[in-house]
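Some notes on the structure that comes next.
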Amino acid sequence: MKGLSVLPQQCLLLMTCLLMALEAVPIDIDKTKVKAEGHVEGEKVENPDTGLYYDEYLRQVIDVLETDKHFREKLQTADIEEIKSGKLSRELDLVSHHVRTRLDELKRQEVARLRMLIKAKMDSVQDTGIDHQALLKQFEHLNHQNPDTFEPKDLDMLIKAATSDLENYDKTRHEEFKKYEMMKEHERREYLKTLDEEKRKREESKFEEMKKKHGDHPKVHHPGSKDQLKEVWEEADGLDPNEFDPKTFFKLHDVNNDGFLDEQELEALFTKELEKVYDPKNEEDDMVEMEEERLRMREHVMNEVDINKDRLVTLEEFLRATEKKEFLEPDSWETLDQQQLFTEEELKEFENHISQQEDELRKKAEELQKQKEELQRQHDQLQAQKQELQQVVKQMEQKKLQQGNPPAGPGGELKIQPPGEHKAGDAPQHPAGGDQPLPPGHVQEAAVRTDQVHP
């Protein structure tokens, strides 16, 4: 068995279950041209991100398991169904202590990461009393009841979760694309409603012209057919089309030399076909539609070639497909612009759903506006009560001054004047021309003498 750059050939079976649907290769990356750079033996090839929220944890677990000799040996005799059923997971009890310790550490790090994400999410809504244990139940790729050690159940859950998530990956992408197309048409029709008759006719004419321009492209070869592969052989690989050899073609495009054509290596073969239909410089060409076209091409080839449905194409499967009649005389391939992506009934249902969502949002906005107005009313009412209370206190102070009562101090205390002290202006009057205060009894004696002088 030839050596692999990343994993042994049998270990790739585990990768098959865990990494079934990787991200599509961008249009500007042609993996068929990497042969010019050459492949360095032992060089580690980075796999594309799966798009799963636990992608890094998944890859780290695979890397650690791959280092155990016993686990690799068991994997050599395991098939896809044994891996999916959990039979292989029980072999985890026999791996080395070092491997188990490392897996325990990875799990604790993953649990800590999930708890941090949960806390950040709950903090964003200012919630308190977070039950991490309850919230961890939503993550099905690990056993949350045992957050400290990596057990066979954890490997089984990881395999099943990744298998399920990735098997539904393509289906989810198709559904999202369909919604995307219906939203485009919905927005176009809504825009036309805002135009007068003359502008609407011009807009409709422009739309039909762009649609016709997009459909005017060279013939697209049937994906996986001899004509399609020969075109890659000639234009991308720079080889003589008369010397086309399927076995050489397979090895040439097995970029990581693992003995398989995976989904990314297959998708790279369709780049030339997609360039016939889509150009990012053209207004009429939608790059979202291009990626959907790529996905459909890959799915079609997998359905035709992948006999055991492990989402990998072996050399044997590839050569067997080249012997079929469909390889030499394929049917014509219909691109997306030649297909009806949705019906009027589906569009109407989609628009009704949008309308319901808009109504719900409108109601929520109205409720929030009412709450805002009520809070403002309560605020204004409290302000009016405050002003009224301040006015009453002021009136009471003025009344106290008018009645001769000492006014209240800053803290409401009464200002009591000590005996013998007088306010300014209340000092006793001195005799006219006198500068000193009169002695006691002086005023009375003066009055008596005056009576005597003036009978």
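Quick reminder: no glycine exception, Cβ is built from N, Cα and C everywhere.
Where the annotation comes from TrEMBL, it is an automatic prediction and has not been curated.
Annotation comment: TrEMBL describes 194-211, 359-380 as compositional bias 'Basic and acidic residues'. Taken from TrEMBL, the feature compositional bias 'Basic residues' covers 212-223. According to TrEMBL, the compositional bias 'Low complexity' annotation covers 381-395. Among the features that TrEMBL reports, domain 'EF-hand' is placed at 241-276, 293-328. The region 'Disordered' annotation in TrEMBL covers 194-226, 347-455. Taken from TrEMBL, the feature signal peptide applies to 1-24.
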Distal contacts, the compositional bias 'Basic and acidic residues' (194-211) - CB-CB under 8 A, six or more residues away: 188, 283-284, 337
Confidence summary (mean pLDDT) of the domain 'EF-hand' (293-328): 91
Helix, strand and coil residues within the compositional bias 'Basic residues' (212-223) as assigned by DSSP: 4 helix, 0 strand, 8 coil
Counts by DSSP class (helix H/G/I, strand E/B, coil) across the compositional bias 'Basic and acidic residues' (194-211): 15 helix, 0 strand, 3 coil
